[in-house]
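Take a look at the structure set out below.
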Amino acid sequence: TTHFLLLGFAFQGKMQLLFFTLISIMFLVTLIGNCLIVVITTTDPLLHTPMYYFLKNLALTEICYSLSIVPKMLAIALVERKRISFTACALQLNCVILFVTCECFLLGAMAYDRQAAICHPLHYATMMNRDRCFKMVIGSWLSGVPVALGFTTWLFTLPFCGKNTVDHFFCDVPPVLKLVCADTALFELLIFIAIVTIVMIPFSLIAISYLRIIHAVLQIPSDVGQRQAFSTCAAHLVVVTLYYSTTGIIHLRPKSSLSSNMKKMVSLSYTVVTPMLNPIIYSLRNQEVKQSLRRYI
């Protein structure tokens, strides 16, 4: 096998043009919104805090993730250029695993940061010092490297025979694995364990952090203080809910009864919609970001 054919979405005529237009707009919003967050959190001294340092790296992850998937999807939708080389498919899958893993751990780090800020305000500067934040971010970026390289190399050294049609709009593990003409039981078992580990470690950290946050906030005597404390976590909680609810449906239930088109739509939500919503959620819910944007503009 020297190449694969990505089927994408089976839209025709006006629906195909409408789909291309909507995805293009969302892609532009994703790039512009996340690039703005990277720029203002880098240039504005008032935003040189741990929370915005993590947010900047989350925005960088979303940019890289979108660039690895959406341009090819647009090419399929507009000019029906469905062919993708064997090497490009492997590289795309490697990037997907890498950036998904990185985002999971960054969301966990952001939850820990909010817990430190609310539960230990007097020790926050010590707990979230520059060195620790840097190590957490580097750890998040590097966490996906062995998983991405290991499973991508393993998958693409397996024998492919027969048809080379990938029933998806990007090279993801389940549709590519269907084309392998060898026993994949061990691969499926190990990648499921890896996915559960990648998802559950940050999710457990997020859950523990928010339980402690809720306990600490309920100790605040005034309603105004409670609302202010919860408002600092609202944007992050919304992003976590969107991200885990959509990725979990696809990757934690690989044998689910969802149809192929439904799986594509769910995948579309976390590959296109969620990266677009993240900067909107953080900018609309955050006065500091809005003020910095006004100053920058």
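Glycine too: its Cβ is placed from the backbone N, Cα and C atoms.
What TrEMBL records for this protein:
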DOMAIN    33-282  domain 'G-protein coupled receptors family 1 profile'
TRANSMEM  17-41  transmembrane segment
TRANSMEM  53-79  transmembrane segment
TRANSMEM  91-112  transmembrane segment
TRANSMEM  133-156  transmembrane segment
TRANSMEM  185-208  transmembrane segment
TRANSMEM  229-245  transmembrane segment
TRANSMEM  265-284  transmembrane segment
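In this chain, the transmembrane segment (229-245) lies out of contact with the transmembrane segment (17-41); the count of Cβ pairs under 8 Å, excluding pairs fewer than 6 apart in sequence, is fewer than 3. Contact between the transmembrane segment (133-156) and the transmembrane segment (53-79) is supported by 3 or more Cβ pairs under 8 Å, counting only residues 6 or more apart in sequence.
For the transmembrane segment (229-245), the list of distant contacts is 103, 107, 110-111, 114, 117-118, 199, 203, 206, 210, 213, 216-217, 220, 269-270, 274, 277-278, 281-282, 285-286: same-chain residues at least six beyond its ends, Cβ to Cβ under 8 Å.
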